[in-house]
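Per TrEMBL, the features are:
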type	residues	note
TRANSMEM	12-36	transmembrane segment
TRANSMEM	48-75	transmembrane segment
TRANSMEM	95-112	transmembrane segment
TRANSMEM	124-145	transmembrane segment
TRANSMEM	170-192	transmembrane segment
TRANSMEM	252-273	transmembrane segment
TRANSMEM	279-298	transmembrane segment
TRANSMEM	310-337	transmembrane segment
DOMAIN	365-488	domain 'STAS'
Amino acid sequence: MLNNAVSCSADPILYLKLAFTATFFAGLFQAALGLLRLGFIIDFLSKATLVGFMAGAAVIVSLQQLKGLLGIAHFTTKMQIVPVLTSVFQQRHEWSWQTIVMGFGFLAFLLITRQISMRRPKLFWVSAAAPLTSVILSTLLVFLLKSKLHGISIIGHLPKGLNPPSSNMLYFHGSYLAVAIKTGIITGILSLTEGIAVGRTFAALRNYQVDGNKEMMAIGFMNMAGSCSSCYVTTGSFSRSAVNYNAGAQTAVSNIIMASTVLVTLLFLMPLFHYTPNFILAAIIITAVIGLIDYEAAYKLWKVDKLDCFACLCSFFGVLFISVPLGLAIAVGVSVFKVLLHVTRPNTMVLGNIPGTQIYQNPSRYREAMKVPSFLILAVESPIYFANSTYIQERILRWVREEEEQIQANNGNALKCVILDMTAVTAIDTSGIDAICELRKMLEKRSLQFVLANPAGNVMEKLHQSKILDSFGLNGLYLAVGEAVSDISSLWKAQP
């Protein structure tokens, strides 16, 4: 985004200023979202979305490591599966057999130690120590055989020291300020989405909760501080979080230790990593992320909820073939569509009485449930809002027509009363109240009594405030379906 406005080669100082300023505004925007308590936004990242994201990101991160495992020098910077695989096979002439043998050998070692720790939890230290052991062994091996292993790519020279302060380079005035703000907000949204998705992913694995507001503030303040220390926009790392998780880290203390270790390494230990081969870093990352592909969870989604499975697949293939942010956006869109579908097309059902009890259930689920003669008992399993009030009204009238047709075909007892069980109706608005009022009038024209049963507390309050209950009369509202059936039946018997 910055390259469209400023060339990094023609004016590198201005480019750096805009990069640090964009980072500052990204952090400011992210922290503001957290301070304004907008963390509920992350609730749209459902478990199905995270399962797909986790698997897609794991595949992409693993494929990216083929650069190190195969010894490729010129590799694509794109994150989609097609460019990555294309780059792998187009650079076949750069493949190094020495790198491949040693890289896959250490990868096998890491995977074996991981399996040992999974099968025998008491040996958890085996997989925890394996990455560091692999780094030390591979570095010593390459150092001792450096005269013979010319084809192996190593980290090489790494300068010591910390990033210089950059607060004096923040760009708060001038013609390019709008570009920096725009870049910061857009990249801030993308990094925030990905970072929170990573957080929710590992929270699901460890069965703990993520506070979206705190996550937003943490990432935001991190980027604001980073803009003053020569850093660009960043977020929670999927691959390094996976390494941390795989090593058995339990609390945030691991981050303090990791940061302290990095600080000491930057200041004093950088020369020791000169001969560390790139393939060992790739093997460690692949080992960490490969266990995050949860195919069993995806299969369970398919068995339980097809729409959830579709959201999972959208997230998975979106991350693989498009990008992480767009893949997540597509999956979130599917999840929101599912919510809207449930709200606008809520589940309605006919209820029947289980003989010998006051329990009323759906006959299609409980075979012993029997319909009560002359009654049509219906239940709505959703709030009644403007978005679904018309549908609910039409659906109830359709149930009434179907019931009357069935009675006429079987020469049964005439339908006299319609009972609406509102136990699962958790909320209602003015459109819903109007729909119930209209429904009562329509049923009265059919000479049918309309009764409400067990409305919830806040629903009852709104019905009372709207004065709609006056039109229902003394026998139009009951606390339970069984009470309504017995009372109305006794009234019919008492009539001459």
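Backbone N, Cα and C define each Cβ position, glycine as well.
Keep in mind that TrEMBL annotations are predicted by a computer and have not been checked by a curator.
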Secondary structure tally of the domain 'STAS' (365-488) (DSSP, helix then strand then coil): 59 helix, 21 strand, 44 coil
Dominant neighbour of the transmembrane segment (170-192) in 12-36, 48-75, 95-112, 310-337, by Cβ pairs under 8 Å: 12-36
Listed stretch, out of 12-36, 95-112, 310-337, that has the most CB pairs under 8 angstroms to the transmembrane segment (48-75): 310-337
Reported mean pLDDT - the domain 'STAS' (365-488): 91
